[in-house]
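The structure appears right after this line, and notes come after that.
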């Protein structure tokens, strides 16, 4: 317990008092490169604590990344796995099949990937099957 007491009562106050924090707004522009380097560690600690607090107290932040890996957002959601069988003999000349899961005409592509590509910067397109 004594080492913790020493850090809290002596080391930390000495460190914080030695930081080059200017008295005025204009003083920030007069800091040297060495002074800016000395300010990096406490800034990183404060930013880390702020981010950790944000994650702890903002429910939307905790579940923001959970749904991002899902590509199918609407097609046959009641099934465990979406599988569609199409016989090659049933294809007249060629058929374009959706790969982006945005189509309203599943499993065929209706061009919905174009809007998806514009919004996300993606480059997804259909799978085109041709009859020989």
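Cβ from N, Cα, C; glycine included.
For reference, Swiss-Prot has these:
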TOPO_DOM  1-35  topological domain 'Lumenal'
TRANSMEM  36-58  transmembrane segment
TOPO_DOM  59-132  topological domain 'Cytoplasmic'
BINDING   98, 100, 109, 113  [2Fe-2S] cluster binding site
Including all protein chains shown, what's the count of other C-beta atoms within 10 A of the C-beta of residue 100 ([2Fe-2S] cluster binding site)?
20
Determine how many residues of the topological domain 'Lumenal' (1-35) DSSP places in helix, in strand and in coil.
24 helix, 0 strand, 11 coil
Can you check how the pLDDT averages out over the topological domain 'Cytoplasmic' (59-132)?
79
Chain residues in Cβ proximity to the topological domain 'Lumenal' (1-35) (below 8 Å; excluding those fewer than six residues from its ends, i.e. six or more beyond):
42
Chain-mates of 98, 100, 109, 113 with C-beta within 8 Å of site centroid, [2Fe-2S] cluster:
96, 97, 99, 101, 102, 103, 110, 111, 112, 116, 124, 125, 126
So what sits near residue 98 ([2Fe-2S] cluster binding site) in its own chain, CB-to-CB under 8 Å and at least six residues off in sequence?
105, 106, 107, 108, 109, 110, 112, 113, 126
Residue 113 ([2Fe-2S] cluster binding site): secondary structure state under DSSP, collapsed to three categories:
helix
